[in-house]
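S.K.: First, the structure itself, so that you have it in front of you.
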């Protein structure tokens, strides 16, 4: 009893202290929902916002949070068709998240002082054309920019390291340049912006995953490693080259190009996943001259004449190469298969017969299996030569015909 009487005042004091701390921290909001403009004033009284705050509905025309310097909270502005502008002109650090989604009338966002961002998502903002980022973001975690009316990335391209960045479906952005970006630890996605978008990633050295879609050009001259997957599709350039890329840690897919004629990865030595290329309708040349190992399946189809893999030593999966060019040659891959260096259960290498060989063998398709080609060719040539010999052994002389006819006539008489 004495112990209880001794502890009770202490516990009461502690509870009072915690309660006082909570009541005094007016800038920490736990799952707070705001639908009216008057509630924005309370937020703007804070230099630091913490907690989880959601602004939604059509009761707010503009948001002024010009007193906020640090955003520790996750601040979400969702489904707000009436908001036309956001003012965060003193905000320097976002250590939480700023998420703006489906604000159809939003035209401008002022982030003049912003330099550090953990998470910034600007999605489904079809009227959003003005982004003020005078200082430029120097440090970033995750940035998503999707379906906006922005014409450039000024201020969003100054960082040298980022976890992930996804820029997609911004139809007015025709230039995407990250001149300082060296490392993307998770993923870099640049997809379906302006059809003529030009991409420059000349400082990029390492990426977790890389996706490039619907661009007119791509420069990544210093990229040496993609730790995950590399996906290239639906672009309009005629040549694709990664001159210094040495390794890809997962799959590589290149597909759906109508103008692409040449693919070159001259220093790529190891691919730790599948290699897949298809629907590249004008493709003529593929260069993987330094590639030694593919730790997955190979599926390549198209009109290419040359597929250079002269240093290839091992394919861990199935192998299927189908060229529609009669200039293509399967012999190098046939030899690799015969040595057991293509470890998958299925091996196919096809191309139309070369006109010169088809005249001899009569075969329209070569499978890359030397046995079937040589037997077909030899049997055709043997039958052809034997028919010629049979015809040459019959010699008809006109005098012999006349003598025979007279003998028959005299016998009848």
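Glycine is no exception: its Cβ is also placed from the backbone N, Cα and C atoms.
Quick paste of what Swiss-Prot says about this protein:
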type	residues	note
SIGNAL	1-20	signal peptide
CARBOHYD	93	N-linked glycosylation site
CARBOHYD	102	N-linked glycosylation site
CARBOHYD	172	N-linked glycosylation site
CARBOHYD	209	N-linked glycosylation site
CARBOHYD	222	N-linked glycosylation site
CARBOHYD	227	N-linked glycosylation site
CARBOHYD	279	N-linked glycosylation site
CARBOHYD	290	N-linked glycosylation site
CARBOHYD	306	N-linked glycosylation site
CARBOHYD	322	N-linked glycosylation site
REGION	347-390	region 'Disordered'
COMPBIAS	356-390	compositional bias 'Low complexity'
CARBOHYD	382	N-linked glycosylation site
LIPID	390	GPI-anchor amidated glycine
S.K.: With H, G and I counted as helix, E and B as strand and the rest as coil, say where DSSP puts residue 227 (N-linked glycosylation site).
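M.R.: DSSP call for residue 227 (N-linked glycosylation site): coil, neither helix nor strand.
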S.K.: Counting across all protein chains shown, how many other Cβ atoms sit within 10 Å of the Cβ of residue 222 (N-linked glycosylation site)?
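M.R.: For residue 222 (N-linked glycosylation site), the 10 Å Cβ neighbour count is 16.
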S.K.: Do you see any of the glycosylation sites 102, 172, 209, 279, 322 whose C-alpha is within 10 Å of residue 227 (N-linked glycosylation site), and which ones?
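M.R.: The glycosylation sites close to residue 227 (N-linked glycosylation site) (Cα within 10 Å), listed in sequence order, are 209.
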S.K.: Are there any residues in the same chain, six or more apart in sequence, whose C-beta is under 8 angstroms from the C-beta of residue 322 (N-linked glycosylation site), and if so which?
M.R.: 300, 301, 302, 348, 349, 350, 351
S.K.: Please tell me which one of the glycosylation sites listed here (209, 222, 279) sits closest to residue 93 (N-linked glycosylation site), measuring Cα to Cα?
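M.R.: Comparing Cα positions, the candidate nearest residue 93 (N-linked glycosylation site) turns out to be 209.
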S.K.: Within 10 Å of the Cβ of residue 306 (N-linked glycosylation site), how many other Cβ atoms can you find? Include all protein chains, please.
M.R.: 14
S.K.: Spatially, and counting Cα to Cα, which of the glycosylation sites is closest to residue 290 (N-linked glycosylation site)? Options: 102, 172, 222, 279, 306.
M.R.: 306
S.K.: Can you tell me whether DSSP puts residue 279 (N-linked glycosylation site) in helix, strand or coil?
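M.R.: Where residue 279 (N-linked glycosylation site) sits, the three-state DSSP reduction gives strand.
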S.K.: How long is the line from the C-alpha of residue 222 (N-linked glycosylation site) to the C-alpha of residue 279 (N-linked glycosylation site), rounded to the nearest angstrom?
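M.R.: Cα of residue 222 (N-linked glycosylation site) to Cα of residue 279 (N-linked glycosylation site) measures 28 Å after rounding.
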S.K.: Nearest to residue 306 (N-linked glycosylation site) by Cα distance: which of the glycosylation sites 102, 172, 209, 279 is it?
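M.R.: Ranked by Cα distance from residue 306 (N-linked glycosylation site), first place goes to 279.
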